[in-house]
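The structure is given below, and queries will be raised subsequently.
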Amino acid sequence: MIKNIWPVLAFFVIALILGCAPSQTVKPSGEEAKQKRDEAEKSYCIGAGYYKQQNFDAALKNFQHALEIDSSYYEPYIAIGNIWRKRRDASQAEESYRKALKLDPKRAKGYEALGDLFLTMGRNEDALGVYEEGLSRDSTMVDLYNGIAEIFVKQGAVAKADSVYKDALRRFPDDLSVQRLWAEFLYNQKRYQEAVDALLPLVKRFHSDPNVNKLREKLAASLGELKRYKEALVQLDSVLAVEPTNKQALIAQGVILSRQGKYRAAIKKFREVLSQDSTMASVYVDIGDAMIQQARYSAAETELRKALKLQPGMASAYVGMGDINRYRGDANRGKHITATSTSKLKQAKAYYKTAKSWYQKVSSDPACATYSRDMIKYVNDNISKIDKELFTRG
């Protein structure tokens, strides 16, 4: 089955509301100012809770109340902008982000938020201008380099993106996030060997850093693409030794085990993930994939239908259902069509037609289109051969 096995991570992600840590933007002077900030932070924290619950009306009310108490509080402006963005009101979002920039032009979050807003609107040049403005204020705002590189990647100017990352690496050689994003860039450009060469010394250098597992996961992904499976599993074992419930590491191990043909072990890993979170539709597809390779078609179909129940229209599950019926068709057709019984040929044709109906559901999906169209051609060819054979038999 064709699927994006190793999730491609975006280079730049806007931070929404991560918590209620006290702001350090404006240090209150005097007891009265401190009391105002404390009260404002209470409203902000309540708003953050509502935001996480997708209750944006209540969240907005509390964020606005925080600013009524203390208009110099930076975080609510970003949070309000995020709400307007959720509501697809770009002008209001931009206005709120710009208020944050005006309040503290040396904080990265406002530039990140506004730049990402422009990126989602296709306003790449405006986004580039925002990031460059931020760096002109403070060249140590690491995330802004990532934003600039992302724009160049979108424009197909990979060499420029490469240059931006290398500049960031020179400026911040000890920043783990810069190293990770550089590796992600190499991985996304399918420069797997370069990613491995960059990451191997880094996981040794930063072995005691609590965030080193992010590097190990990307190193494992790169090794996996190079079919260096044993080495990839070693890296993932190191991750799980520290984080035994790391779902992405468990999934990655399962995928590698599947690639090695160790389907039972792979399914066990996937089941571990589902024991933590039974709502992960993609993991049911992973299990279904492994079961298909074991020729356990009925069991695989059960898993894929679980995925579709959780995520209707899931392309990879549709492809899996097509694969199941295609394999069933192949089994009934037999190696030599002229030696296959009429009843078996008719059953094979029925399975092929069912497979075709599943593949057609994703024939225009960018991730599955090529594969599904190839499989549609395959089943059509077999249906034609069966029809000819049945015709000669009368």
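Glycine is no exception: its Cβ is also placed from the backbone N, Cα and C atoms.
Straight out of TrEMBL:
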type   : residues : note
SIGNAL : 1-23     : signal peptide
REPEAT : 40-73    : repeat 'TPR'
REPEAT : 74-107   : repeat 'TPR'
REPEAT : 108-141  : repeat 'TPR'
REPEAT : 247-280  : repeat 'TPR'
REPEAT : 281-314  : repeat 'TPR'
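What's the neighbourhood like for these features in this structure?
Long-range contacts of the repeat 'TPR' (108-141) within the same chain: residues 12-15, 74, 77-78, 81-82, 85, 90, 93-94, 97-98, 100-101, 147-148, 150-151, 154-155, 171-172, each at least 6 residues beyond the stretch ends and with a Cβ under 8 Å from a Cβ of the stretch.
Model confidence over the repeat 'TPR' (247-280) stands at 98, taken as the mean pLDDT rounded to a whole number.
Counting residues 6+ beyond its ends, the repeat 'TPR' (281-314) has Cβ neighbours under 8 Å at 1, 3, 251, 254-255, 258, 261, 263, 266-267, 270-271, 273-274, 320-321, 323-324, 327-328, 361 in the same chain.
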